[in-house]
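Q: What TrEMBL shows for this protein is this:
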type     : residues : note
TRANSMEM : 48-74    : transmembrane segment
TRANSMEM : 86-103   : transmembrane segment
TRANSMEM : 115-132  : transmembrane segment
REGION   : 146-178  : region 'Disordered'
COMPBIAS : 155-178  : compositional bias 'Polar residues'
DOMAIN   : 199-327  : domain 'Palmitoyltransferase DHHC'
TRANSMEM : 245-268  : transmembrane segment
TRANSMEM : 288-312  : transmembrane segment
Amino acid sequence: RWLTCKSLPPGALERIADTIADRLRVPWFSGAVKINVSLVPPLVLLPVFLHVAALHFLLGLIILTSLPVVVLWYYYLTHRRKERTLFFLSLGLFSLGYMYYVFLREVVPRGHVEYSQVVALTCGLILMLAALSRAKKDPGYLPIQAGDEKPSHQGLPNRSVRGSSSGLHGNSGAASSRAVNGEAKGYCRMPAEQPEGVKKDWCTKCQLVRPARAGHCRLCGRCVKRLDHHCVWINSCVGEQNHQAFILALSFFMLTSVYGITLTLHTICRGRTPFVALLYCPGAYSDYSSALSFTCVWYCAIVTAGMGYILLIQLLNISYNVTEREARLALRDNTGRRLLGGLVIDTGHYNRGLLCNWGHFLSLGSSPPQRSAEDIV
């Protein structure tokens, strides 16, 4: 019916795509292994597009311009449908591996890159992958209530609970005696009472009382302590337990990528500074090897610029002690202040100064200090 341009029942194409995705399997000794369809496009299309872009300058311009548009379109498509996908994680990891392969195969044999520089680039890549592996772990999921345990205030799902939640959540009373707002204290002393307007609330989906700054991720279906955002590049939430590793992975990526771009441009565009060579390199398309290396450099530059913007926003948010989720809610409710040209939204609830904010961030995930009887009194 589709080939003959006849009308299709609602949802027919989606069901066909889901069936094809379920049947796409690879034979194995212990049984057929299902392949996630979102893993396949980056593995196939990225090398093809980059090799085609290396054939001519105009082809490179068209492909390198259209790639970010396609990625953003796919992001908005999956975000609107509230779907988790491995496409972005697969694209990121395969891009790293393929760029490293092109560097070793096309750039290093030219003899202008020293052995120590290759070792430094490799170490940066390994450190970035180690930080990424740590960021992929538990972001700080709140425990889900057992099926046979029903909270005493289940009939009041929409009522927010202020202050202490003793009697409503099993261990929240003990947690509130150890830390403020359910979070570990930094070296800068935080006020004992909750900031005005900050409250604990009840999650109707997870059936639990969330501590302050926790949030429910609609993609993961879980509540996360100090939820910042759901990152499609790691296919996981960024929360209290993995926020530091996430920033570390971004930092290592930026350093490694800029270093690799610099080494490649010094090799194929000798005698020019990296910035000038990125914009004007007359001999880049003199042979296919140089053209492929130059195309990969531009691809890396586009990805690095995007990740650099994400890192900048993260560093600014940490400096003002605000999460990405809190910034979005403040914009929606018109309760925050736009600072630095709108790059950061200060909610005013947790900002205690630059040093105190960074001390609080560096103490995330650590066990809160024990309070003495004198402090309690």
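Glycine too: its Cβ is placed from the backbone N, Cα and C atoms.
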Q: Quick one: find which recorded stretch in 48-74, 115-132, 245-268, 288-312 has the most Cβ pairs under 8 Å with the transmembrane segment (86-103).
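A: The stretch I would name here is 288-312.
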Q: Would you mind listing the long-range same-chain contacts of the transmembrane segment (288-312), meaning Cβ under 8 Å and 6+ residues beyond its ends?
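A: Answer is 50-51, 53-55, 60, 64, 67-68, 95, 98-99, 102-103, 106-107, 247, 250-251, 253-254, 257-258, 260-261, 264-265, 267-269, 278, 281, 343.
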Q: Need one number: mean pLDDT over the domain 'Palmitoyltransferase DHHC' (199-327).
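A: Residues in the domain 'Palmitoyltransferase DHHC' (199-327) carry a mean pLDDT of 91 in this prediction.
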Q: As a quick check of your reading of DSSP, tell me how many residues in the domain 'Palmitoyltransferase DHHC' (199-327) are helical, how many are strand and how many are coil.
A: 72 helix, 19 strand, 38 coil
